[in-house]
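Feature annotations, courtesy of TrEMBL:
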- 1-19: signal peptide (SIGNAL)
- 30-109: domain 'Inhibitor I9' (DOMAIN)
- 133-581: domain 'Peptidase S8/S53' (DOMAIN)
- Asp142: active site, charge relay system (ACT_SITE)
- His214: active site, charge relay system (ACT_SITE)
- Ser534: active site, charge relay system (ACT_SITE)
- 646-745: domain 'Subtilisin-like protease fibronectin type-III' (DOMAIN)
Amino acid sequence: MAHHHCTVNFFVLFLTITAQFTISVSQIETYIVHMDPEALPKPFSSPQSYYSSLLMSISEVANSEASEPIYTYTNAIHGFSVRLSPSELGRIKRARGYLFSIKDSQLQLLTTHSSDFLGLNSMSGAWPASDFGRDVIIGVVDSGIWPESKSFNDEGMNDIPRRWKGGCFGGANFSTSFCNRKLIGVRFFNKGVKAATPKSSVKFMNSARDILGHGTHVSSTAAGNFVHGVSYFGYASGTARGMAPRSRLAIYKVVSGKHEGLYYSDVVAAIDSAISDGVDILSLSIASSGALYEDPLSIATFSATSKGVLVSQGAGNRGPSLNTIPSGAPWVLVAGASTIDREFTGAIILGDGVFITGSSFYTLNPIPAHLPIVYTHACGGQKQHKAIGKIVLCEVDHDQLEDSALVLAEVFEGTGVAGAVIILNQSDLPDDEIGFPAIFVRSANGNVILDYINSTQEPTATLMFQETCHGRKPAPKLAPYSSRGPSQSYPLILKPDVIAPGDSILASWQEETPVSPIITGNIISSFNVESGTSMAAPHVAGVAALLKGVHPDWSPAAIRSAMMTTADVLDNLLNPIQEWGYNQAATPLGIGAGHINPNKALDPGLIYDADRDDYVNFLCALNLTDRHMRAITRSPYSCSNPSIHLNYPSFITFFSGNGTKTVEFQRTLTNVGSQKSSYLVNLESIQGFKVRVVPERLVFRHKHQKQGYTLKIEGPCLKQGTVLHGFITWVEIGGHHVVRSPIVVASLMQDTTR
């Protein structure tokens, strides 16, 4: 995204060598500079003191922006961020210990029932086993928090864990007294955005207070405490709670407002602090991009994972096209978004007493009186002006099918029409919030209403709203906006890893500004309904906290593996999970290993584990430069055993070109189930391909024993745009464990359209 630059004209700098040259302020930009601490000069007491000395020596005037770092980093990366002119950057590049630099740039920000839908309950499974995630610390890097929200009360919480090293930093309109045994830490980071926008007229709020609502929503989704009797203007009423209601929250605010932007330098600083503070899980509803070795988030999250922190990140909201996941770091758990079995509805009561239910998310007043109802054929057609004060029944034409509910309802604004019943000839009805009293129905129900209109001289109807139905089938479905794989940063690791609830999620909200631009008037709500992979990531983070609570010795890779290999690939009708709006089965490029199942993940039987050395060996196989390797690993490394075969719970390969080819994958499974167990392989065939596994049986004689296998895929090269998939499943003999991994065989993704 574009930077906001100063508009100051050229000025002259006089250096000590009396040379005179002119520099435009617009040429000064922020850089994240990676340094090698092993190569720094010895006389300095710390890397930070060397950085300060270095910047003073290269700055063109004593008080220039280059004379002081914006941030210094010690945990996420080694280095600093700073504002530099081109000539100052050139001097930095010649300094001892310099590895490389990346220009700072902007990023994007990507419940009462979702826990029920995931099978979480107080009687059995992951909640009681983990004591609701008690004492696991979830860090949230987002837009801050609204601390007064009841979701962040500390009822039922014990003392803060002694291992917590963070703090509660107050500021503008944020007292440290807001922190408690639930909200154990808050920090805010805005030096990067301030440096990038020096002429901005915006007054930054120097505190962790959330004025957007996004961070509050995400935090309460992951670990909100129990709050009874909540709803969103009558919709989704019930008890709100996060995935891990007894987990702790540490908040790292990196977004100051709607228009100020979100910068890498601030996010890396937040991750740097989170690692130092001692978080167990990190939730990132932030989209980054770039190659693994050039993306600051990929590098920072490598450090977090190396320190035992599981990182959950949203896949992005650029679906349904393929190849739209911007970041696919193999050490990050990437979550796509799914629907749940809850539906926001409205009702049409015809004059003859017939009651018809449709989809509607209209939050204002109903139309209780019987009003005339007329059929106008096309929505927004010429007959609409004849329907003033009446309810309109109309049909959406083919060109309007991709429009949102908001757009479809807007055609009636200001027309004098009292309400609308909109017929859609598709299996899935839209559920986004609308500002006009409209209800969406399928063709069959539309025909019932039309028959009634044609059968009486004075047809009437009543429209009722604010109804919520549970048990919708089929569910879940893959949300249409959820980004699809392969990832752009590294397509040879299948992403997303899983899908999780992300559509129409109710969670806490800020009470500073009106809750919705759709609703007229200054209406505030302490809860809001939001959709996106931003909402999926904290669901995954919360479930990861439950697993960490039960298995504190599990690595991030082990937790990821448990969630992936136990994920559901069938919906509540026991059919393959479908894509919303397309009435077709989703592929692993959309759903990854499937829809998370917390209770199954508690006891996966076998796991695909990986540690820092495995990731280093993987990076070695990518033939990165020594500078990039040192920047990512942050310490001396060895490439004596490079391997492209990362021990990952999924498989993807590309068969492009001509002829046939054979691909082999090596994997290792670790027994975390019974002391003694045996597993047989079951392969779901891939049309036109020969898939083999050697060996076909794995025998484990004790817990934590490891056994390896080889997966071989042989077949023809594919036409562009072809995507095939199957599954490899290890089934326990005489037991209940089923360990499933998706396999994708595709052509190269040059065309990202469906």
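Using N, Cα and C of the backbone, Cβ positions are placed for all residues, glycine too.
Proximity of Ser534 (active site, charge relay system) to non-local residues of its own chain (separation of 6 or more, Cβ distance below 8 Å) is seen for Leu109, Leu110, His214, His217, Val218, Ser285, Gly314, Asn317, Gly502, given in sequence order. If you count neighbouring Cβ atoms within 10 Å for each of the active-site residues Asp142, His214, the highest count belongs to Asp142. Under the three-state DSSP scheme, Asp142 (active site, charge relay system) falls in the strand class.
Ser534 (active site, charge relay system) carries a helical DSSP state (H, G or I).
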